[in-house]
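Q: Quick one: the structure is below, and I'll ask about it shortly.
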Amino acid sequence: MKKTYLLNSEISEVVARLGHTDLLVIADSGLPIPDGVKRIDIALTKGIPSFKDTLNTVLTELGVEKAYIAKEMIDKNNDLYLYLLELFGEKLIIISHEDLKAMSKNARAIIRTGEYKPYANIILESGVEF
């Protein structure tokens, strides 16, 4: 059995296959998932698993160079915005929700959580650990 925090085999495989600048999306329960992008649906019910729990677990194994969020989060989900700003600092890039949806078409996978708060979506750009 794995010793690290990330136990979901599908997510672990995607993270292991990411190369430098590849994209991984962690999404709330409402973000549209484009055709052709791998869907990893871990939503069980409203709020479970949460966006934060999923993100924090993925970050135990993924080095992030940049993180993209929708500017709408600043007003509509400010607590999450402040949390992400503290977590990522200058790596956090603000774009429109429409641009985030367009960018998600290039993701290696989208992890759909049970998060039920607005604009709880992030695109993680894989970095290098050397």
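Including glycine, each Cβ sits where the backbone N, Cα and C put it.
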Q: Among Asp28, Asp35, find me the residue Swiss-Prot lists at the same substrate site as His97, Tyr119, Ala120, Asn121.
A: Asp28
Q: Of the binding-site residues listed here (His97, Tyr119, Ala120, Asn121), which is spatially closest to His20 (active site, proton donor) when Cα positions are compared?
A: Asn121
Q: Considering the recorded positions His20, His97, which residue's Cβ sits among the greatest number of other Cβ atoms within 10 Å?
A: His97
Q: Near Asp28 (substrate binding site), which residues of its own chain have a C-beta under 8 A away, given they sit six or more steps off in sequence?
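A: Non-local contacts for Asp28 (substrate binding site): Phe51, Arg112, Thr113, Glu115, Tyr116, Lys117, Pro118, Tyr119, Ala120, Asn121.
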